[in-house]
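To start, the structure under review is shown below, and the notes come after it.
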Amino acid sequence: MEPLVIKLGGVLLDNEEALERVFTALQEYRQTHERQLVVVHGGGYLVDELMEKLQLPIVKEQGLRVTPADQIGIITGALAGIANKTLLSWATKYQLASVGLYLGDGNVVTVSQLSEELGHVGKAMPGDAKLLKTLLDAGYMPIISSIGVTDKGELMNVNADQAATAIAQTLGADLVLLSDVSGILDGKGQKIPDINVEKAEQLIAHGIITDGMIVKVNAALDAARTLDRPVDIASWRHADQLTDLFNGVPVGTRILA
């Protein structure tokens, strides 16, 4: 079975109950299955809290955080520091052998600047799988922040969904986008079991899929096309379903290529 990339998002990093559910599921899964797991995370809520404390403006365009040069250090500290080490501490608590990384380690993901207007915001492309494969084969679960670096040595804030997609591409792995939403909802608030490009474009055009969810859906669609396999969007709230989810059973919205 191919490795599985699990992207953790939403309020999960700021919610002890959520972390407990996810790491309990990861521990149970690792005890009963041999599938290799990679965790990728952002930490938007942590960044927002830090920015507010420092009285710095929070600006987003189409779900992507505008990152001026004077803020990239703060965001790097929040994501590659606080968020990453928080998850590593939970992994230790649940006896999960883990290693904390950022996208530049071993050139796991190749990153370039997305645009001058967004500042230090990076575009993620597949990189070198050697380091990840070495860690996975040794029994470790890599926990990777969405901070990257360009070939000029400039730190970049990468959308975590897109970072997870690039890592799945690098490894030829399956991808699950795990957050506080159970999947994509239709206009009546009902979960959509599966969705393709055409259906997604219709929902975006009608304003049903908006803001950060557009980035999430586009990242999942891009991953599904690139990997030529389905990608799942699901919630951590349904802890009893997570083991099935990690085994490839759809429990949220399945994104079709």
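Glycine too: its Cβ is placed from the backbone N, Cα and C atoms.
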From Asn157, Asn196, Asn218, the one annotated by Swiss-Prot with Gly43, Gly44, Arg65 for substrate
Asn157
Express the distance between the Cα positions of Ile184 (ATP binding site) and Lys216 (site 'Transition state stabilizer') as a whole number of Å.
10
Among Gly43, Gly44, Arg65, Asn157, which the record lists as binding substrate, how far apart in Å are the two most distant Cα atoms?
12
Quick one: of Lys7, Arg65, Lys216, which of the recorded positions has the smallest count of other CB atoms within 10 A?
Arg65
Other than Gly43, Gly44, Arg65, Asn157, which residues of the chain come within 8 Å of the substrate site, judged by Cβ distance to the Cβ centroid of those residues?
Gly42, Val47, Ile75, Ala78, Leu79, Ser146, Asn159, Ala160
